[in-house]
Amino acid sequence: MSTSFARKSHTFLPKIFFRKMSSSGAKDKPELQFPFLQDEDTVATLHECKTLFILRGLPGSGKSTLARLIVEKYHNGTKMVSADAYKIIPGSRADFSEEYKRLDEDLAGYCRRDIRVLVLDDTNHERERLDQLFEMADQYQYQVVLVEPKTAWRLDCAQLKEKNQWQLSLDDLKKLKPGLEKDFLPLYFGWFLTKKSSETLRKAGQVFLEELGNHKAFKKELRHFISGDEPKEKLDLVSYFGKRPPGVLHCTTKFCDYGKATGAEEYAQQDVVRRSYGKAFKLSISALFVTPKTAGAQVVLNEQELQLWPSDLDKPSSSESLPPGSRAHVTLGCAADVQPVQTGLDLLEILQQVKGGSQGEEVGELPRGKLYSLGKGRWMLSLAKKMEVKAIFTGYYGKGKPVPVHGSRKGGAMQICTII
C-alpha cells in the first residue's frame, strides 16, 4: 500500500465512523426525538415542501446543536441563517438593528431562491420579531415549524450561565426567559400539503368546477348561484370561487387564535400533538363538493389522524351527531365575501342530510366518479378512487390577512392573496 493511499484512508475512515456514531447516537437521545430528524417518511416528505425551521430558546439551551443536525439531515437544498454569524448578542434587538437588517436580507434572498429547508438559529423570544418572520414565510409561501430544545437545562438559568458562549449573566438570562416559558400557539394547527400534492388536488378541483359548470343538470340550478332576474345560461365556477388559497393547501385541525380560543392550550399540550408536530401524514380525499358559498375536498381520517382531531368539531346545527372527523376538509375556494370556515360547515350540512336518508340524486358520471345533486345548489363528486395526498402536521402562525405573495426565482411580486 502506498503511503499516500494510507494517509487518505486514515483521514477518510474516521469521518465515516463519526457520521455513523452521530446518527445512531441521535436516535437514543430523548432531547433529539423530533419527527423531522428521526422519521424517514417525514424527511422524504419535507424534501417536497418549502419549510422554515425557526429555532427558539435561551442561549446555551441546545438550539445550535439542533440547527446543525437539521442541516446535516437535509444537506442539499438546505441553508442555515444563524444570529451568531452576524455577531448578534441575545437581548434587545434595538442594539443590533443593522445586523438584523442584514440577516433578514440574507434570509429573504434564500426564500427567493426557493431553498427547500431554511433553518433560522436565534433566541426568537419576542413576539414582534416572530411576527416579522411569519409574514416573510407568508410572502414566500413557506410553512413554519417552530423548534425548541428538549434539553433538561433549557430553562435553568443557573446552568445556562455556565453553558452560553456569550457569557451572559444570570440577570441577562432571566430577562429573556419569560418570552420562552410558554408554548407559542399558532392561529391554527393542521396538515399542510406538499407542493406537489397541493398542485394535484388544486388541479383536480379546477377540473371538477369546469365539468360541473358545463353539466346540463347544474345549468338548470343556476338560480342558487346567480342573484337577480337576469337569465344566464352558464357560470364560470373557477372565477366564481375566486377566493383561493395562494400557497399550499391545508386541512385544519384546531383553531387556536394564538392561544385565545377555547381549548387551544389543552389541545397543544396533548402528548399526541407534541409528538406529531412536524411529522408527515398521508391524507385520503374521498369526495369533492360545491355549494353556493364554498368548494372543498372531503378528507377521510384514519385512526392515527383522528387522534389529532378535536372532539368538538363535528357538531352540525341540528342535534344529531356525526362521527369524529366528519368535518375534515380542504378548502379549495370561496365565493366573494365568504370566510373559509364556512367550508367545513357546508360539509357537515351535506353529511347530516345524507345521514338523514337523503342521499341526493345521482345525475351523471364524471371521469373521476359519480356526481350527486343534493338540492339548494349543493353538489358532490364521490371519487371512484380516493386521492392520497402527503402533508406535514404543523401550525399556521401568520395573521391570515392579505400579503404580497412574491414570485420565487423570477423575483417579482405576483399578487396579493389572503391565506385561508
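Any Cβ shown, glycine's included, is placed from N, Cα and C.
What you see is a predicted model, and the numbers here were worked out from it, not measured in a lab.
Annotation source Swiss-Prot lists active site, proton acceptor at His250. Neighbour list (His250 (active site, proton acceptor), Cβ cut-off 8 Å, at least 6 residues apart, same chain): Gly190, Trp191, Phe192, Leu193, Val330, Ala391, Tyr396.
The active site, proton donor annotation in Swiss-Prot covers His329. Counting only same-chain residues six or more apart in sequence, the Cβ atoms lying under 8 angstroms from the Cβ of His329 (active site, proton donor) belong to Cys251, Gly296, Ala297, Gln298, Val299, Thr343, Gly344, Leu347.
Residues or ranges marked as substrate binding site by Swiss-Prot on the basis of similarity to another entry: Thr252, Thr331. The secondary structure of Thr331 (substrate binding site), as reduced to three states from DSSP, is extended strand.
As annotated by Swiss-Prot, S-farnesyl cysteine applies to Cys417.
According to Swiss-Prot, the feature phosphoserine maps to Ser9 (among others), an assignment based on similarity to another entry.
Here the Cβ of Tyr110 (phosphotyrosine) has 19 other Cβ atoms within 10 Å, regardless of which shown protein chain they belong to. Annotation comment: Swiss-Prot describes Tyr110 as phosphotyrosine, evidence class similarity to another entry.
If you draw a 10 Å sphere around the CB of Ser169 (phosphoserine), it holds 11 other CB atoms from the protein chains shown. The phosphoserine feature in Swiss-Prot is assigned to Ser169 (among others).
The phosphoserine annotation in Swiss-Prot covers Ser227 (among others). Of all Cβ atoms in the shown protein chains, 8 besides its own fall within 10 Å of the Cβ of Ser227 (phosphoserine).
According to Swiss-Prot, the phosphoserine annotation covers Ser239 (among others). Under 8 Å, Cβ to Cβ, and six or more positions away along its own chain, Ser239 (phosphoserine) finds no residue.
Sequence annotations record features per position, and here Swiss-Prot assigns phosphothreonine to Thr262 based on a large-scale study or a structure entry. DSSP assigns Thr262 (phosphothreonine) to coil in the three-state reduction, placing it in neither a helix nor a strand. Under 8 Å, Cβ to Cβ, and six or more positions away along its own chain, Thr262 (phosphothreonine) finds no residue.
For Ser358 (phosphoserine), the same-chain residues 6+ apart in sequence whose C-beta sits under 8 angstroms from its C-beta are Leu374, Gly375. According to Swiss-Prot, the feature phosphoserine maps to Ser358 (among others), an assignment based on a large-scale study or a structure entry.
Here Swiss-Prot flags Cys417 as cysteine methyl ester.
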Densest Cβ neighbourhood among Thr252, Thr331 (binding-site residues), 10 Å radius: Thr331
Local backbone state of Ser239 (phosphoserine), from DSSP in three classes: helix
Thr331 (substrate binding site) versus Ser227 (phosphoserine) - Cα distance in angstrom: 24
